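According to TrEMBL, the protein has these features:
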type	residues	note
TRANSMEM	22-41	transmembrane segment
DOMAIN	22-206	domain 'Major facilitator superfamily (MFS) profile'
TRANSMEM	61-78	transmembrane segment
TRANSMEM	90-108	transmembrane segment
TRANSMEM	114-135	transmembrane segment
TRANSMEM	147-169	transmembrane segment
TRANSMEM	175-195	transmembrane segment
Amino acid sequence: MPLDIKNGSPDQKTSMRGRGEFIALIAAIMAINALAVDIMLPGLPQIGASLGVQSENHVQFVITAYLLGFGVSQLFYGPLSDRFGRRLPLFGGLVIYILAALASAVVTDFTTLIVLRVLQGLGAAGTRVIAVSVVRDKFAGRQMAEVMSLVMMVFMILPVVAPATGQLIMLLGEWHLIFLSMALMALIVGMWAFFRLPETLPASNR
């Protein structure tokens, strides 16, 4: 059943629980993007060694390529979500993200990995753009600012947790597991959103 976070719900406790889950879900959607950068950091040296990259600076292209795809594609997700609603571009982006992560886990050359990271960034851009759009659809003014501040409080935990998580993954296996973990986490968040996040942009407003 989709979340009901309407203001003035007869059951205030239910309304507050719904808003709490909404904030957690939006933060999780936004975290998918940051996760693809922060969790990677401990694995960069092993990626370079495994794929024959001699320069440490060149290994950093794994991050740069992702940010390039993320930055450019943000320009398109806003118009797409205004035209087709929030859910379709969000889940389309998540599918691209997951497939790129899975392909990156089995890649055997650095050039292909860079291309896949650009694609992964392209898919991830939808999580950032549409998460903010969903909040704007549901709230306005002071309430929107309050919700976004709570979302960002949850979101800011990630830069602390993600590198440690990446290091733990590296202790359990090789760098391939980092990409598999990205895909798994995106799949979990995507399923959560699929069943619990309603379409927030009415057809009449498209």
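Glycine too: its Cβ is placed from the backbone N, Cα and C atoms.
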Remote residues contacting the transmembrane segment (147-169) - C-beta distance under 8 A, at least 6 residues beyond either end: 19, 22-24, 26-27, 30-31, 34-35, 38-43, 131-132, 135, 138-139, 177-178, 181
Selection from 90-108, 114-135, 175-195, the stretch that has most Cβ pairs under 8 A to the transmembrane segment (61-78): 114-135
Beyond the flanks of the transmembrane segment (90-108) by 6 or more, those residues with Cβ under 8 Å of it: 29, 32, 36, 51, 77, 81, 116-117, 119-120, 122-127, 130, 176-177, 179-180, 182-183, 186-187, 189-190, 193-194
